[in-house]
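Enquirer: Reproduced below are the annotations present in TrEMBL:
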type: ACT_SITE; residues: HIS178; note: active site, proton donor
type: BINDING; residues: HIS182, HIS218, ASP219, ASP328; note: Zn(2+) 1 binding site
type: BINDING; residues: ASP219; note: Zn(2+) 2 binding site
type: COMPBIAS; residues: 428-444; note: compositional bias 'Polar residues'
type: DOMAIN; residues: 102-425; note: domain 'PDEase'
type: REGION; residues: 422-452; note: region 'Disordered'
Amino acid sequence: MFLLAAKLTCLSRCGEISFDSPDQNAKCVRMLGDARVRGQTGVLSERRGSYPFIDFRLLNNTTLSGEIGTKKKVKRLLSFQRYFHASRLLRGIVPQASLYLLDEDYLGQARHMLSKVGMWDFDIFLFDRLTNGNSLVTLLCHLFNVHGLIHHFQLDMVTLHRFLVMVQEDYHSQNPYHNAVHAADVTQAMHCYLREPKLANFLTPSDIMLGLLAAAAHDVDHPGVNQPFLIKTKHHLASLYQNVSVLENHHWRSTIGMLRESRLLAHLPKEVTQDIEQQLGSLILATDINRQNEFLIRLKSHLDNQDLRLEDAQDRHFMLQIALKCADICNPCRLWDLSKQWSERVCEEFYRQGDLEQKFELEISPLCNQQKDTIPSIQIGFMTYIVEPLFERWAQFTGDTPLSGNMLNHLRRNKAKWRSLLHKQHSSSRSNDHSGQVTGIQEQTLKKEETP
């Protein structure tokens, strides 16, 4: 492992964000380049941390890079939690459960929450606080045990824990939305969907492990900006993946890299690991929002023709793709207090990208202009055109289950609240005599919502 890590480190190289004009491209950001390893399967994997993380502080002043690097090192050295976890594992002390390393004051509360992990009102923000920021690792260890995956695949607990820590740490906590808490939230939702009777009755242990792993790693190493940003800044990953599912390909290849580095599945037959890597890719790539209509049309066709045969591995895999897509965008279907937090977080991430684009005189991406794109208008549009069509079809597949009904009810109530907030913003802008007009997207949304 040490020699492998050394070789991978030597493969790293520096890269830059490239802008259209020389002034914009004047070494504004220095980042780690892409370092990939080709395994026996021929599938390219990416080294851990190979993604050039976009640090907004570096954009303000490139001379601070050394200082920032030093601060990061100091922070890592001073992280007692990180040292404590690592030292116990290095000494070969295996945690008896995922909660073993938690502070005693929070142990009982976190355990109580895990006993209700299949409930739709599960508060992932509270759980993350109770686990001291280790919600993803704790949740996955618990779910692997609950589903019997550790025993079935003869997984080593230390190796599993090491792999999950790698995944959690490769999410960027600086991102308001695309971080490890989001991954944990998606994983918890995926667990709920895997328990739906229409699907659960046919799932194999491999299906369950694939679903949970894909949910946990589907956004790993996300930079906090979207694909169009990477394309217009001529980022090397956009070139590498030919501007197609750039982020999703990176998430998949990074996951493969971590699986191989941790050797979590090294004891399994070669053909099994090859199949797992390929199916993980198929699941993670399905989360590309640009492929939404493709999956909706196919799902509608299956449901209308009633030709889904879940005894068939191909049909089961397709429904796992749909389940992961639902889990990835399920925030509008949560309780209002949770849903609102996620909405504010994702819009904050949009606005940060918009500010970055404005700073470097790039065209501001849709939904990223804080002056024009309000949270209510963004959320109403998202619910209307993306979330509702998918979850209505999902409910058609699962039948009249309590979970599907609960999600659709939350979705309708949350949409009504955002609509009310949008009308209040509209009224406020008129009363303040700010031209008495709403933005284009707000106006379109209002007309859509007012149409019977």
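Cβ atoms here come from the backbone N, Cα and C positions, even for glycine.
Automatic prediction, not curation, is the source of TrEMBL annotations.
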Enquirer: What same-chain residues, at least 6 away in sequence, bring their CB to under 8 Å of the CB of HIS182 (Zn(2+) 1 binding site)?
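Expert: Looking at Cβ-Cβ distances below 8 Å from HIS182 (Zn(2+) 1 binding site), excluding near sequence neighbours, one finds TYR171, ASP219, TRP342.
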Enquirer: Check the domain 'PDEase' (102-425) for me and report the mean pLDDT.
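Expert: Taking every residue of the domain 'PDEase' (102-425) together, the mean pLDDT is 97.
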Enquirer: Take the C-alpha atoms of HIS218 (Zn(2+) 1 binding site) and HIS178 (active site, proton donor) and report the distance between them in angstrom, rounded.
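Expert: Checking the Cα atoms of HIS218 (Zn(2+) 1 binding site) and HIS178 (active site, proton donor) gives a distance of 10 Å.
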Enquirer: Within 10 Å of the Cβ of HIS218 (Zn(2+) 1 binding site), how many other Cβ atoms can be counted across all chains shown?
Expert: 29
Enquirer: Write out the long-range same-chain contacts of the residue listed as 'active site, proton donor', meaning residues 6 or more apart in sequence whose Cβ is under 8 Å from its Cβ.
Expert: TYR171, HIS172, ASP219, HIS222, GLY224, GLU349
Enquirer: Just how many other Cβ atoms lie inside 10 Å of the Cβ on ASP219 (Zn(2+) 1 binding site)?
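Expert: A 10 Å sphere around the Cβ of ASP219 (Zn(2+) 1 binding site) contains 24 other Cβ atoms.
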Enquirer: For ASP328 (Zn(2+) 1 binding site), what is the tally of other C-beta atoms lying within 10 angstroms of its C-beta?
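Expert: Around the Cβ of ASP328 (Zn(2+) 1 binding site), 23 other Cβ atoms lie within 10 Å.
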